[in-house]
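The feature transmembrane segment is assigned by TrEMBL to 9-27, 39-59, 71-89, 101-121, 151-171. Annotation comment: TrEMBL describes 16-87, 107-178 as domain 'Potassium channel'.
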Amino acid sequence: MVELAGNRLLIIGLSLIAAGTLGFHQIPGMIAEDASGNHWINAVYCSVMTLTTVGFGDICPSDKITNVGRAFIVLLSFSGLGMFCGPVMDYSATWTKNVPGGALGALTATIGLGVALFTVLEGMTELEAAYFTVITGTTIGYGDIGPQTDAGRLVTAFFAILVINVVGALLDPAKDFLSEYCLDESAEDAKNDSQKKDD
């Protein structure tokens with residue numbers, strides 16, 4: 001497996017978050033006018049929710065989004081998908097191997113952290129906070145429950161990056177199993193036969 005440079009991933013990831021934050025802050029209609037809290041924090045939150053594909057649909061985009069705003073979201077989304085669903089997921093699959101208990105230990109600790117954070121910051125019940133953590137980590141992001149405060153939105157933005165990567169690492173063995181199980185053996189045999197003939 002190719003070794004990924006964590007510092008380069010961090011620089012690119014932070015650059016994408018910064019570009020998204022600037023766009024959500026500056027382009028009219030990107031954040032709901034009635035969204036409570038600090039506009040910069042809301043912009044960071046919306047940027048990360050877009051880049052990670054969680055998209056709660058709570059404060060961004062607003063119903064007054066312009067075509068410029070839509071174009072910006074499309075560009076940001078494609079940039080982010082390549083980064084957050086590619087190299088970041090690959091990198092996360094490597095670091096969880098160093099955690100006691102592996103990916104399952106990391107998931108348990110991450111859900112515990114989510115419960116602690118969101119019960120304190122957002123006043124959620126333990127069950128609501130666990131549900132919110134899982135819905136965020138799987139990028140489902142229904143939007144039926146979400147952060148209401150500046151602190152909650154800022155923590156959710158950075159927590160989403162962590163929990164999505166933990167869930168991705170947990171699902172990596174399932175992906176490997178299903179890929180192997182669904183492999184078309186006749187196509188693989190034909191490919192191997194072709195390579196033998198070329199040799």
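Each Cβ is built from the backbone N, Cα and C atoms, and glycine gets one as well.
No curator has checked TrEMBL annotations; they are predicted automatically.
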Confidence summary for the domain 'Potassium channel' (16-87), mean pLDDT rounded:
91
Under 8 Å for C-beta pairs, could you tell me which stretch among 39-59, 101-121, 151-171 has the largest tally with the transmembrane segment (9-27)?
39-59
Checked against DSSP, the composition of the domain 'Potassium channel' (107-178) is 56 helix, 0 strand, 16 coil
Within-chain partners of the transmembrane segment (39-59) [C-beta distance under 8 Å, separation at least 6 from its ends]
16-17, 19-25, 30-32, 73, 76-77, 79-81, 83-85, 136, 139-143, 146-147, 150, 153-154, 156-158, 160-161, 164
Tally of DSSP helical, extended and coil residues in the domain 'Potassium channel' (16-87):
43 helix, 0 strand, 29 coil
